[in-house]
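One structure is given below, encoded as structure tokens.
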Amino acid sequence: MNTGHPGPADTADAVPRSRVLPREEWGAVLGFAGVWLVFLLMAVASVTVARIQAGDAAGAAVAVGSGVLFTAVYLVSFIVPDPVPSWPRPANTGLYTLALVLVTALFATTAGTAALNVIPYFTAVWVFSQRRRTALTAVAVIAAIGVVLALTITDGEPQIWLTGSILVATAVIVAVRLASDSEDTMTAVRHELDLSRQREELARDVHDVLGHSLTAVHVKAQLVTRLIDADPARAKEEAEQIVTLTRSAIGEVRSTVDGLSAPQLATELAGARRVLSDAGIRAEVPGVEAVAQVPAQAAELFAWTLREAVTNAVRHSGAARVRITLAADRLTVVDDGVGPDGPVPVSGPDEAREPSSSRRRGTGLAGLRARADAAGGTLEVRPEHPGTERPGTRVEVTL
């Protein structure tokens, strides 16, 4: 599963976005973002204890209060990444950055230079919400500001420790982001290798299926030409065999095409991750290892469903997030877009999100229902959060 940066691509700014993450995703996102807060807790606790020991109750209260405010703003920046949906993502993140700066200034009134320990959290807010180029640019600026402040307002051993902690923490956060990007890249490479193998298999199958049949037809056609005057009865028999051979060849070609066109679930998962990322949609996609738990009879139906659901999410929903879950008997695709009955959003410059009619969307789902019925399964398509401004769509197939 892609557990890397939860933020979307910059291209998501071209389409309508949901202000708030779906509630069921809060746990994963808060767990990922909140684990770093242990270091903030240590800094706040240290300052609070020092203020209490100095008899400064007001200073201790400011330390605790600013710590709580900082934590709240930091976590909300992940839960509500776009408080102003009409703004581009960097502008929304900048708004949170301004709020964090104000809280840090309050903390500094009692913590002094120790307030600089919160700088890595500014890095995290940007690293995990932007595309790589924007994120790394922001990181460079934030780290430079932090180091300059550390070198300017401290000296001696505290200066060394503070500068080092800022740089090390920043490096760790960036490494986590790059590791996530590397995983996505490897998934895309594996997908391309799968396509290459499929092309090789197609060439081999076409050669094996048609090579023998066409050769036999050619030989018999020549024989018919020679016998048509000398032995009409024999020529008729050979002609009938040509009909049989061609009928058999057509059947073999159809079988080959059916086998080729039937999507592979692992390939569709990898493709979904790539397509959603290219469209600027944040994606939570199971790893290909999750396919091992799915029985063979369910894998093809799930693959068809995944392909159609992801296509609809990209082309019709205007979604900012898509979550895919996979179990042995169930595939679920949930987006936060306009819903199954909502208007088709007018896209921005991203060609993958071209407007299309609801009739075309319904035709694809009707085909999926037919496949599910034929396999003995059920397909459910409904709003994820009915009655809301952006109800989203839940596509679930069970078998």
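Cβ from N, Cα, C; glycine included.
Listed in TrEMBL:
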type	residues	note
TRANSMEM	26-50	transmembrane segment
TRANSMEM	57-80	transmembrane segment
TRANSMEM	100-128	transmembrane segment
TRANSMEM	135-154	transmembrane segment
TRANSMEM	160-180	transmembrane segment
DOMAIN	305-399	domain 'Histidine kinase/HSP90-like ATPase'
REGION	334-399	region 'Disordered'
COMPBIAS	366-379	compositional bias 'Low complexity'
COMPBIAS	381-393	compositional bias 'Basic and acidic residues'
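Residues 5-7, 32-33, 36, 39-40, 43-44, 46-47, 51, 56, 59-60, 62-63, 65-67, 69-70, 73-74, 77-78, 93, 134-135, 138-139, 142-143, 145-146, 149-150, 153-154, 158, 162, 165-166, 169-170, 173-174, 176-177 of the same chain sit 6 or more residues outside the transmembrane segment (100-128) yet have a Cβ under 8 Å from a Cβ within it.
If one looks beyond the transmembrane segment (26-50) by at least 6 residues along the same chain, the residues whose Cβ comes under 8 Å of a Cβ in the stretch are 3, 6, 60, 63-64, 66-67, 70-71, 74-75, 78-79, 107, 110-111, 114, 117-118, 120-121, 124, 128, 169, 173, 284. Model confidence over the domain 'Histidine kinase/HSP90-like ATPase' (305-399) stands at 76, taken as the mean pLDDT rounded to a whole number.
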